Amino acid sequence: MNKLLIIDGLNLVRRIHAVLPDENDIASVQERVLAASKKMLLQHQPTHCMVVWDGNEPSWRKTLYSDYKKGRKPMPTALSDGLVNIKATLAEHDINSFDAQSEADDVIATIAMKMISNKGEVIIVSTDKGFSQLPTKNLTLWDHFNQQVFDVEQYEKKLGIEQYQMLDFIALAGDSGNKIPGIMGIGPKSAADLLNKFRTLANLYRSLDNLGAKQALKLAEGKEIARISYKLAQLQCDIPLNINLKQFRINPITN
């Protein structure tokens, strides 16, 4: 069975960079990213590995909702300029990169789902909880920084929902980290309570007459922003990609 390790490039690099005392010390970032990548290869023993990077084109999500990810700290210039050397260092060790046109998340989701549909296994290395919406069969979410599998079931219990309700939950409650708005006045607890009772967003909107007047009004007035929030949170798993998996094949790692 083919086993693909997909590393969310900027997620890894920016977190490594953030803990360094000198933000201009890109050589240390380079060394640590390579060491981390080698460690993952040794741990997971994949047949293929790729590092997926965000591109520079504007995200379609930003076009849909201009405040998407608003206020997020820009990448330091030294790090941005150093990415080309980081990619080159990885490539020297047969860890090849794939550059997305815009956000890496949709590319990662597309590649992962295609691999799984072809009876392969996938490990996604990222701390981005958005990947928890993907089907879990033959898919592992690996948190390199905590050295553990991201437990989707535990995350669902924490939110008080089931996996299939994840996008409906964000449509209602939003996602502050990505500046996805959700419906004003509907917080995580209310969203979970509503989904526990009505199961899906569609069924909830068919049942507004069964709610109190105040809550029903909030939901009615927020229907369009809920639709937008759902779309913003939803990973695209069908992006056309010109990619040959053979270029990402790696030799077995022994040390």
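Backbone N, Cα and C define each Cβ position, glycine as well.
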**From 71-76, 185-190, the residue range that Swiss-Prot assigns the feature region 'Interaction with DNA'** = 185-190
**Leu172 (K(+) binding site) to Asp105 (Mg(2+) binding site) - Cα separation in whole Å** = 22
**Request:** Taking the recorded K(+) site as Leu172, Ala173, Pro181, Ile183, Ile186, identify the other residues of that chain whose CB atom sits within 8 Å of the mean position of the site's CB atoms, giving them in sequence order.
**Result:** Ile170, Ala171, Gly174, Gly182, Met184, Gly185, Gly187, Ala191, Gly222, Ile225, Ala226, Ser229
**Request:** Give the residue counts of the domain '5'-3' exonuclease' (163-253) per reduced DSSP state, in the order helix, strand, coil.
**Result:** 58 helix, 3 strand, 30 coil
